[in-house]
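Peer 1: As listed in Swiss-Prot for this protein:
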BINDING   CYS309, CYS313, CYS316  [4Fe-4S] cluster binding site
COMPBIAS  600-609  compositional bias 'Basic residues'
COMPBIAS  610-624  compositional bias 'Low complexity'
COMPBIAS  632-645  compositional bias 'Basic residues'
DOMAIN    295-566  domain 'Radical SAM core'
REGION    598-645  region 'Disordered'
Amino acid sequence: MSNMDFLPISKEDLKKRNIDVLDFIIVTGDAYVDHPSFGTAIIGRVLEREGFTVGIIAQPNWNNIEDFKKLGKPKYGFLVNSGNIDSMVNHYTASKKKRHDDFYSPGGKSGYRPDRAVIVYCNKIKEAFKDSPIIIGGIEASLRRFAHYDYWDNSVRRSILEDSSADLLIYGMGEKPIVQVSNLLRYGMKIDSIKNVRGTTYIEKDIFSLKDYIEIPSFEEVSTNKKSYAEAYKIQYYEQDSIRGKTLVQKHKERYVVQNPPQPPLSQEEMDEVYALPYARTYHPMYEAEGGIPAIKEVKFSITSHRGCYGSCSFCALTFHQGRVIQNRSQDSILKEANMMTNMKDFKGYIHDVGGPTANFRHRACKVQEKHGTCKNKQCVFPKACKNLIVDHKEYLSLLRKIRKIPNVKKVFIRSGIRFDYLMYDKNDEFFKELCEHHISGQLKVAPEHISDKVLNLMGKPTRNVYDSFVKKYYDINKKIHKNQFLVPYLMSSHPGSDLKAAIELAQYIKKMGYIPEQVQDFYPTPGSLSTTMYYTGINPLTEEKVYIPKDQKEKRMQRALLQFSIHDNYDLVKEALIKAHREDLIGNGPDCLIPYNKPYKKSHKKNNAKNNNNHYNKNNNYNKNKDISKKNKRNSLSKHKKRK
């Protein structure tokens, strides 16, 4: 591919296109990948479709002002994002250790973007072009639009609008608002006069002209009073709906952050149009010498079938970004993309995914949403399925069958996650059976996250009984179709509400499973999530009940170690945790014990542990007692398990 297949990145590109001045310049923290899994590509192509000229400055050197000047001054303004991930999440682990890789950068190496990229980029643009309008968007801006707890500072920060000095913030899915804002700028309206576009947030000196709004506790209040913080979050959480949501206002000293109600979800026709735009579908050629961009590997042969999620997991911020209403593409649109993939020179016959945030949420949760919006005080699938929930996999199954029939397609995988409780609510097992037959390869990754019902309740996840029923059914189906396929559960330690007792309960469950997870995710308090609010305040903002928070680093290490109790280096922490919790009954050589009395020799541990794990599997796995399963295959399949992102 040549540079002409991409949006312009240099003066040479502008000259070839006979462009003197660009209308917009997108500055992004990711490398430039022209694929619909990347927000920069979507916004750039949407604006191009509307007749605007758009250039890309990807990962500029923030210590060199000339990098921000290389495409000149845009006619209408700069559009700034940190990339597909919040820059702080991208740079640091849950234990605040610096990451050494970055899948969104050349060669997968870190160091191509600054911490708090949106703020840094905006400040540099203001330095280069003082009067040029700046619009910020993407996940980092979207989830930091109000005063928010910042895990890395361990304090409440102001709205990112205040810290970045940007003129306007677009939150959530940006296609509709960016088109409306850009057209207003084209018609001659000044950026500081654009105040009525849904899906935008701006700063105002006074709010006398506003009508029908809710003022939430101010920055000064939420930064000094945790009850006020919880109250502010609760209001934000309930008002993120395009039909019933109101304008929200939060005072920051003498000014106000004003969030307009969300944009309506994209229609199916609009979704189809977005994904039919002329993407190059790969990274820019300038990265070839550096090894390309690793992030393209997971998405190049994957298909986004829909956006949004009504699962409402507490630790996920999708409610604030993509919303609870499903926005899907038509089958024709998806089939065209699948057919197009088969003609790509490096296509090997495998489509890696057909899904979204939750693969089997292909349609809206209920018909009520279409007229009245999402329910304010009720979730669709938690704590149990709403009576209005439409449980049906028929359309999704029909789509998958059609893709399987496309010439040169050998296999269609589902990797974006299956909501197992929704799957269990479906009385028709046809989808479940074909999922096991055609759409997984040896193992299915699912996310029970925990096993303690009190923790699951705070996570917004289904109870242990639901997961147990799913596991049994999964293995029953695999037995019927004569397949030796396994489950790889995602598990999380140190989530709000998880004390040592709950962690030990999960460790005992893992013992009965018969193998130790190779990767365990510590709870990560990222901006915008309900769980992060619990973590900071010690309060569940939706119920106002107090929540136990494992903040002590020693206890967090204990909880993590308990989930991998057979690892030699975890022995001392596990023993200390069991003694602290008065569970010495789990220390010894009995069948239910997690660790022996004495620390094993490290050299022989791996061999002995593998043997012990297999014995536990044969004796204690209630779901698989009579199945002829190769233990070697099981261990091999688990070794492929990658860390959750």
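A Cβ is built for glycine as well, from the same backbone N, Cα and C atoms used for every other residue.
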Peer 1: Measure the Cβ-based neighbour count of CYS316 ([4Fe-4S] cluster binding site), defined as the other Cβ atoms within 10 Å of its Cβ.
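Peer 2: Taking all protein chains shown, CYS316 ([4Fe-4S] cluster binding site) has 21 Cβ neighbours within 10 Å.
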Peer 1: Please report the DSSP secondary structure of CYS316 ([4Fe-4S] cluster binding site), reduced to three states.
Peer 2: coil
Peer 1: Would you list the other residues of this chain near [4Fe-4S] cluster - those whose C-beta lies within 8 angstroms of the C-beta centroid of CYS309, CYS313, CYS316 - in sequence order?
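Peer 2: My list of surrounding residues reads GLY311, SER312, PHE315, LEU318, THR319, PRO357, THR358, GLY460.
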Peer 1: Say we define neighbours as other CB atoms within 10 Å of the CB. Which of the binding-site residues CYS309, CYS313 has the fewest?
Peer 2: CYS313
Peer 1: For CYS309 ([4Fe-4S] cluster binding site), name the DSSP secondary structure in the helix/strand/coil scheme.
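Peer 2: CYS309 ([4Fe-4S] cluster binding site) sits in coil per DSSP, no helix or strand.
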